[in-house]
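Engineer: This is the structure, below, for whatever I ask next.
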Amino acid sequence: METIDIQNRSFVVRWVKCGRGDVINYQIKPLKKSIEVGIYKKLKSSVDDHASAVHIAPDTKTLLDYTTKSLLHKGSSSNIEEHHRRSSQHSHSSSNGSDNKRKERSYSSLSISGIQQQSQEIPLREKLSASGFTLVKRVGNVSGNTMVQGDLEVKDTDYYYAFILDNSSSKNAKKKILFNASVINGDNQSMISTRSTPPARPTALSRTSTQQDMLFRVGQGRYLQGYLLKKRRKRLQGFKKRFFTLDFRYGTLSYYLNDHNQTCRGEIVISLSSVSANKKDKIIIIDSGMEVWVLKATTKENWQSWVDALQTCFDDQFEDKDTSTLEENPDILDDDKEVINKSSPQDHDHLTPTATTKSALSHRQHTQKDMDDIYVPLPSESYATFSMNLRLIQQRLEQCKKDSLSYKPTTLHQRSEGLNGTHSSSSVFTNNRVSSFNHSSSGMTSSDSLASEEVPSNKTYIEHALYNQLADLEVFVSRFVTQGEVLFKDHQILCKKAKDTRVSLTSYLSENDEFFDAEEEISRGVIILPDTEDDINNIVEETPLLGKSDQNEFTKEVQLSGSEQIASSSVESYTTNDENHSRKHLKNRHKNRRRGHPHHQKTKSAQSSTETFTSKDLFALSYPKSVTRRNDIPEAAASPPSLLSFLRKNVGKDLSSIAMPVTSNEPISILQLISETFEYAPLLTKATQRPDPITFVSAFAISFLSIYRDKTRTLRKPFNPLLAETFELIREDMGFRLISEKVSHRPPVFAFFAEHLDWECSYTVTPSQKFWGKSIELNNEGILRLKFKTTGELFEWTQPTTILKNLIAGERYMEPVNEFEVHSSKGDKSHILFDKAGMFSGRSEGFKVSIIPPPSSNRKKETLAGKWTQSLANETTHETIWEVGDLVSNPKKKYGFTKFTANLNEITEIEKGNLPPTDSRLRPDIRAYEEGNVDKAEEWKLKLEQLQRERRNKGQDVEPKYFEKVSKNEWKYITGPKSYWERRKKHDWSDISQLW
């Protein structure tokens, strides 16, 4: 059994190659401490979703751009897009002219540490789902010093199997595992170990530093071994020398602490990964979708050797997908794949240094280039033949199915007689079929084929009528597969040339877009990314598939699509100083959303009728009588704890694993806190009736900050909702209804949807905090999207950053910092700038709003000013746009709540008996805490948190019910009969899980 080291908060993937009918025999034994184990499978064809070559970048910046774009498309990090949005906002604000436009098209790449950090922050379950893993068997938690073994029958040939050894839940403890997995061949019952004994390695004490920089080929050419510098997991740790082994037979790259340590620390299947490299800095980045390795060679010769070897893994996968050939001929790598120089006549197990291998793949690269140069698109008749053959296959299969129902086996005597007369000819026929099929087996495996079975020599084989039909069908299928390969290659070349015209546009993708994976841009060869806009334009001009007029039209469509994508994915597109560019993006997005998407291809009358129906169907807002609300809340039963004393009591402990006392909370959840955004919703209704709506929308965007005007509010934090916890808010007096739900636990993500007769607003938010010693920076990462139903005008903005100051000592308070913008699809925008506070001046409350009309408008620029704790007014007309509402009586003793906030946890007559069991108002800990029963609230809080942990550990976590994920950072409200308000109308909570 091999030994595997698993770092804390990490995991290890062990891959197994097998075929249909095989049995995987495995043994797992954790040493001392337990480990979580699951068996997954992943489609072999998913290699087409990755780059099929090592991507060579001309410099490190381009390399990081490419890797960042690859992460964006794969979903390797849910925070990357937001990082890009913020980075792009900064770059837009500091550039103008042509430089500004060029930056708008390009990626703002992450640093090497940022790429690793973002990848590590994603929960393992999300990584598995995003990378295409399917759970086969959950082994569960294996206790320390306990041997678990079992067998798993393989029922398909289209998958790699993977053992996931999960230590991500352990915050500090590293684990050591004894592991073995062997494949028992289904045909001859022979056992094939998935890992041979590690090949002999040089003795570390006898080697100089120069020798350590050399590469070695061992195990009869099966392995390439040598040292590389590997970027460590944590920030600022730099690179560390590690010993790497590339197994050509399985296409896996593993690494160890050094050359005399047999404990594996990680493994990646190259053909299922994206590999990018930069020769100038000798960097290689491997992204498997599960983890990111950043490697660095010590010399350019070593870098080239590793790149060529990694490229060979891709070529083996693409050129010969029948893995059985490789399994039966392990020495094929020495004969056919010149990964490194030929070995000397000495024993193959002797270690021989390698040289550079530029010529190893040059033939393939030149061949591919020549094919691209002479490429002629297939005629339309080929595609017609392809469709016709599909129908013929369907008909023949149907006929064989009918014949098999009436088929009766013949006697042994009849079989023998029949064989004597037919064996000779059938052998030739079958052998021809084998040759034909093996030549075109890209989409099928030998175990699936009748032709893959050898012709028996004992003459007990007979070709009856049904068999002959199936044999003929197989020959036909083999031709079909061959034709499919040609068409597929034709399609790839077309896609590649079309994709090159939109290199800089496919980075921002909205939920309504159909797109190719980013990796298809480097399809089947090594390509240097164009660095400039001119290079991209040259590619468009050189494309032979489009005429001049078609080319212009195509470019316009791509640009239009790109504008929609940029606008819908983040507010980044609107934070540029180029007002025309910003306005064009929003207009195009608005235009496309109304006419371009398939779901919106309706007539004008149909759209209006739908809107009318939606407006009249705002259930629960037409309550027959006025609802009386309490506008107050009981006084707090306990004072908030001192954070300084809490830290003193927990010196040296991991604060993330320590539960804060319930007295550190206020009696509302985060869902209810964010719902306070709509306290001043009448501003939106007023905006729909005014010629200058952006003025009132800007006031609404700022009004949320006013909940912190009483400094008592900053002494406590809201309760953290459980996964799938909900909160509804019906304000019939203001004419809107709201539903919110916690849709993700790690990272915490909350989705909101509010609607009124005149407007609707959606918001997906991920709260984040940064601790700065005596203060905390708070960010609500997400875009508020507002739409006016009558005019179709769209508004977007992000909530401003706030700072919680004097965290340890002094009077604690909250204040907004920096600036933010509100953008309209009609070209208007507002710029909100908060006053900066002096070192000894206390809280800063002043701010200014600049209303900037589009250049084509005759309206003049307006300025608004005010205090976010009081009001906002127009400096020219002195019209009061907004002013704060009332606080509860004696707010110092009542958590600093406003009257609006005090009503959030009340169950009024409009909610009584109608709420789902997941609503925050029904949480027993919040209810007990509001009523002053602190001990009971503490008990319930711990109990609910423990129940949620148990559900998660058992793999039985609840799923969101009312929102669906449409992109990495956006969840969309579900409409139709399964929508929240339809369920509430019918009181249909039948499939809702009990959270408490």
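Cβ coordinates are placed from backbone N, Cα and C, and glycine is handled just like the others.
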Engineer: For the feature motif 'FFAT' as recorded in Swiss-Prot, pick the matching range from 129-135, 514-520, 836-842.
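Structural biologist: Matching range for motif 'FFAT': 514-520.
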Engineer: If you check Swiss-Prot, which of S193, S436, S582, S609 turns up marked as phosphoserine?
Structural biologist: S193
Engineer: Which residue does Swiss-Prot record as phosphoserine, given the choices S78, S426, S605, S857?
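Structural biologist: Looking at Swiss-Prot, the phosphoserine feature maps to S605.
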Engineer: Out of T197, T352, which one does Swiss-Prot list as phosphothreonine?
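Structural biologist: Out of T197, T352, Swiss-Prot attaches the phosphothreonine annotation to T352.
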Engineer: Quick check on the record annotations: which of T325, T422, T445, T714 is tagged phosphothreonine by Swiss-Prot?
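Structural biologist: The candidate carrying the phosphothreonine note in Swiss-Prot is T325.
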Engineer: Kindly state the mean pLDDT of the region 'OSBP-related domain (ORD)' (642-982) in the predicted structure.
Structural biologist: 90
Engineer: With helix taken as DSSP H, G or I, strand as E or B and everything else coil, how many residues of the domain 'PH' (221-315) land in each class?
Structural biologist: 19 helix, 44 strand, 32 coil
